[in-house]
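Trainee: This is the structure I have questions about; it appears just below.
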């Protein structure tokens with residue numbers, strides 16, 4: 001990698017050389033949370049109203065692709081409500097006693113955050129129905145003929161549920177959430193703000209053009225932007241520079257095999273498979289996922305939203321289909337699906 005651009009040697013302060021904890025990059029307050037303005041504006045009203053009434057915030061349902069800040073926002077809500085938060089995920093709630101153990105130890109007006117809500121077991125969902133609506137839980141004491149159900153009161157709490165698959169959450173459970181918000185992919189402007197903010201936290205100097213290039217390659221996702229920011233810091237550090245320039249980012253992305261549209265090698269594998277193995281589609285998501293060594297869930301949750309956003313693939317009633325832009329991006333002839341050679345010859349042109 002050519003790191004000709006840059007200025008001074010890195011800061012010798014040992015704090016620069018050791019990675020900060022990931023949580024330090026997460027905003028602590030709603031005012032610091034970049035993007036998702038429609039969600040923030042509504043939440044600020046709901047939080048203020050709940051605090052003024054000295055009540056628990058209504059239950060909150062957060063959905064959207066991974067890496068957009070659902071968990072971060074849950075923590076921010078707890079801070080803004082001046083309360084505690086307990087964090088778990090649906091797969092960890094295996095038996096009724098698991099959810100009962102959590103609900104009975106909550107404080108009044110505290111928050112329970114459950115990630116991957118679409119993976120809750122039916123028996124856990126049924127217990128949450130009563131807990132969310134009446135703030136009570138039914139618990140069976142004893143066994144056999146002597147068994148009896150006892151209804152216990154629990155503190156008035158706020159359940160924040162997050163999922164990447166809102167359509168798979170049971171309707172009765174979904175209906176009990178009073179605040180429903182969907183996260184959208186971030187704009188480049190919003191990602192630039194996140195990169196600039198976090199570069200200060202990581203003690204990294206960034207050129208404006210470098211931040212824009214990094215934002216453009218971050219798939220509309222803060223988690224990806226933060227990961228790339230750390231890698232650019234590594235490249236600059238090893239190269240002996242404390243100013244990350246556009247050329248450094250460009251070279252770094254090329255080393256990571258991320259192209260000018262933000263696509264990585266697996267993104268291109270998906271497009272190549274769709275075009276070269278299935279003649280551009282349409283093809284079912286399960287078949288396409290198997291062809292690239294992914295699960296259907298990971299293909300739908302992580303890769304597809306961005307590929308659709310960039311206009312590279314489209315969903316049809318018969319399956320996934322490559323667009324004309326996908327052929328152009330891979331430098332493939334749409335009339336010759338076996339034209340793999342031209343794609344390889346044009347690979348460097350695809351990157352930068």
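Keep in mind that glycine also has a Cβ here, set from the backbone N, Cα and C atoms.
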Trainee: Swiss-Prot records 25, 26, 67, 70, 71, 72, 133, 134, 135, 186, 223 as ATP-binding residues. Which of 148, 176, 231, 233 is assigned to the same site?
Mentor: 176
Trainee: Sorted by position, what residues of the same chain at least six away from residue 67 (ATP binding site) have a C-beta under 8 A from it?
Mentor: 221, 222, 223, 224
Trainee: Of 135, 186, the binding-site residues given in the record, which has the fewest other CB atoms within 10 A of its CB?
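Mentor: It is 135 that, of the binding-site residues 135, 186, has the fewest other Cβ atoms within 10 Å.
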Trainee: Taking the Cβ of each of the binding-site residues and counting other Cβ atoms inside 10 Å, which one has the highest number: 315, 320?
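Mentor: By the 10 Å Cβ neighbour count, 320 comes out on top.
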Trainee: If one looks at the chain holding residue 133 (ATP binding site), which residues at least 6 apart in sequence have a CB under 8 angstroms from its CB?
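Mentor: Set apart from residue 133 (ATP binding site) by at least 6 residues yet with Cβ under 8 Å, we have 176.
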Trainee: For residue 71 (ATP binding site), just count the other CB atoms lying within 10 A of its CB, please.
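Mentor: Around the Cβ of residue 71 (ATP binding site), 18 other Cβ atoms lie within 10 Å.
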